[in-house]
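Engineer: One structure coming up, written as structure tokens, with questions to follow.
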Amino acid sequence: MLSNHLQNGIETAKLVWSRIPNSEDNDNQESLDLIKPNDDGNVESLDYEVIENCTYWDEQAQRGKLYVAYCVVVKWFFALLIGLGTGLAAVFINISVENFAGWKFALTFSIIQKSYVAGFLLYILINLALVYSSVYIITQFAPAAAGSGIPEIKGYLNGIDVHGILLLRTLIGKIFGSIGSVGGGLALGKEGPLVHTGACIASLLGQGGSKKYHLNSKWLQVFKSDRDQRDLVTCGCAAGVAAAFRAPVGGVLFALEEVTSWWRSQLMWRVFFTSAIVAVVVRSAMNWCKSGKCGHFGSGGFIIWDVSDGQEDYSFEELLPMAIIGVIGGLLGALFNQLTFYIAYWRRNYLHKRGTQVKFYCSKDKEYNDLATIFFNTQDDAIRNLFSAKTIHEFSAQSLLTFLVMFYSLAVVTFGTAVPAGQFVPGIMIGSTYGRLVGMFVVSFYKKLNIEEGTYALLGAASFLGGSMRMTVSLCVIMVEITNNLKLLPLIMLVLLISKAVGDAFNEGLYEEQARLRNIPLLESRPKYQMRKMTAKDVCGNRVVSFPRVVKVADVVSILRSNKHNGFPVIDHTRNGEALVIGLMLRSHLLVLLQSKVDFQHSPLPSDPARPKPISRHNFSEFVKPASGKGISIEDIHLSSDDLEMFLDLAPFLNPSPYIVPEDMSVTKVYNLFRQLGLRHIFVVPRPSCVIGLITRKDLLIEENEDSAMELQSTSVRTQLRDKETVRRNADSELPLLNGLLGKNHTAG
């Protein structure tokens, strides 16, 4: 009988859930309409692949050991600056929010003693003013600063650049917008925006500042490629989490687990160093503020909810209610993701077209209003009250349930509005509320004195974050660091695993859903199952636009204006007329050549291989697109009629060694190759007819002693340079791997 009721309940839940619009239901036309292709040009792929053209090799030849050492020092110096900048930004935001909240509550308390209505109206007006200031900053100054910014940064580190997300104005809008939105009492947090803030600081440092506002320095402009910018932004993301939660280890793990798609051991050290610097900056600022120099900012300004004096032990009987908390967190988290997705879609398409107890209206001095203690307080202090130990019966079930329903609804509606909005702290508020409710039931049921309601509040907070954001390791470490209680680690792990498993049964994580809503095409770590039955030929683009080696300028301009492709195969012919592909030419590189005009030539013939090698007229940095910027467009280039009659030899500027795959390779293998290497283009070619060699592991193990170094210099490097020279000068001696392999109908451009 019980199993029948349970089965009926499950079927009913599935039926109700199926009626909620689901972003993953691609078979439903209505759901397909939710996600429309991004045709406004605001999203562009990044070039993480090294373009080994003539300019690149010329620059590499000029670099010695001293320059390599200088680059290493600058990388660590940038990590230091990112930590300092992000830590100071977090201190400024927290001090501002705490002081605005303190002034607001103090003034409201003083007025409410005389007139309840006047105090209520004043409280509303102050909040409206703060929220309006945030909305004005975002809508009029920095639209890219809206939301948490984590989906956009996750997309950037996945290889997708959303224009405007890493600019100076976005950084300014994020900082001051967060102060207004959080200080105004909205059901959101400042932790997500701090991740975006750290990423902006890192990107601006990597670019040497902002050229638009004339705040740039040439000596900082060392790392300008997309790959170097990616590493710096990763450090900034970790610094943001470390500053938001005072959790340096959690920041490193957050960057590793949640936002990055590529990771290596060298980056781990710099990320860890950056997070450690943030921890030192925040700790120093808090020690300085203890003297009273920061106004209303006190020890509760930064998130540390110390529960080290809480529940010391737990019994086997408590594991069942703790598991139930995990299930509740998974269900509510998945529902939250679905509701925020649908409301954000509707808003975008239709609307725009131990803390302090609060004595709120109490008749006696020793009384307090438990509901006002949560509502009429900062979120940090409210969570501290919910987590507090030795406070049985501090909150009534009616107050907690009322707050849960109201705050959950407010969080759903608020998330996605035109203000900087984080979801960490609101998620902790929601989870700690129902967790404390479960804790109250456990206390009354088991009748044990050692059970703490605050412990269940903490587990509830972890379960909701796990059910919504689907993080496990990093979230577990963050919760341990902010609560200063390692004894609860096994329980936190338990509820996180359960809540994530339950949530995954319904939809994707919060940031993945928001990225889908913003049309950010993320490549997840695991390819789709149906890709195993598909080949590269099935998914590659059939309309391939190519260039000859020597092309007329007018033809280049015409092709760039007629399509939006970002990569073009370059075709040359041997003496016997056989066509062969000599490499890949990027759109951005063509635009640089058109703008500079220095490589225009009158002759339609390629350069003479017998002539001495010309000195490169370009620096490698000229071909680098500014981070989060649109770069040069074809409309920005003005050419005369004489210029259009000139010719360009593309051989010195193309990528002579693009990645290629056979046409019958499974899409699963192509997907893994594309994502793990951070590629933007892959050539799809027919099955090769010959093999010129085979590389094994031992061929890649080169000893770094003097003898082998000399041998390497004399055989490999010189041969490689000679081959590169031949590739650039003589079309008849191109890379054998590309000879005759690429047909126009078998290429993904």
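From the backbone N, Cα and C atoms, a Cβ is placed for every residue, glycine too.
Pulled from TrEMBL, these are the listed features:
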DOMAIN    654-710  domain 'CBS'
TRANSMEM  67-95  transmembrane segment
TRANSMEM  115-138  transmembrane segment
TRANSMEM  267-286  transmembrane segment
TRANSMEM  319-345  transmembrane segment
TRANSMEM  400-418  transmembrane segment
TRANSMEM  424-446  transmembrane segment
TRANSMEM  458-482  transmembrane segment
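Describe the structural surroundings of these features, if you would.
Structural biologist: Under DSSP, the residues of the domain 'CBS' (654-710) split into helix, strand and coil as follows: 20 helix, 9 strand, 28 coil.
Long-range neighbours of the transmembrane segment (67-95) within the same chain, counting only residues 6 or more positions beyond its ends whose Cβ lies under 8 Å from a Cβ of the stretch, are 175, 178-179, 182, 190, 194, 197-198, 201-202, 205-206, 222-223, 231-232, 235-236, 239-240, 242-244, 270-271, 273-278, 280-282, 285, 289, 294-295, 297, 301-302.
Beyond the transmembrane segment (115-138), the same-chain residues lying 6 or more positions past its ends with a Cβ under 8 Å from any Cβ of the stretch are 100, 104, 107-109, 145-146, 173, 176-181, 183-186, 361, 417-420.
Listed by sequence, the residues of this chain that lie at least six past the ends of the transmembrane segment (267-286) yet keep a Cβ under 8 A from its Cβ atoms are 75-76, 79-80, 82-84, 86-88, 90-91, 231, 234-236, 238-239, 241-243, 246, 248-249, 251-252, 255-256, 299, 301-302.
Panel annotation: around the transmembrane segment (400-418), residues 135, 138-139, 143, 146-147, 186-188, 332, 336, 339-340, 343-344, 347, 371, 374-375, 426-427, 429-430, 433-434, 436-437, 440, 514 of the same chain, lying at least six beyond its termini, place a Cβ under 8 Å from a Cβ of the stretch.
Long-range neighbours of the transmembrane segment (458-482) within the same chain, counting only residues 6 or more positions beyond its ends whose Cβ lies under 8 Å from a Cβ of the stretch, are 241, 245-250, 253-254, 256-258, 303-305, 307, 310, 322, 325-326, 328-334, 336-337, 383, 387, 423-424, 427-436, 438, 488-489, 491-493, 495-500, 502-504, 508-512.
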Engineer: Which whole number is the mean pLDDT over the domain 'CBS' (654-710)?
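Structural biologist: The average pLDDT of the model in the domain 'CBS' (654-710) works out to 83.
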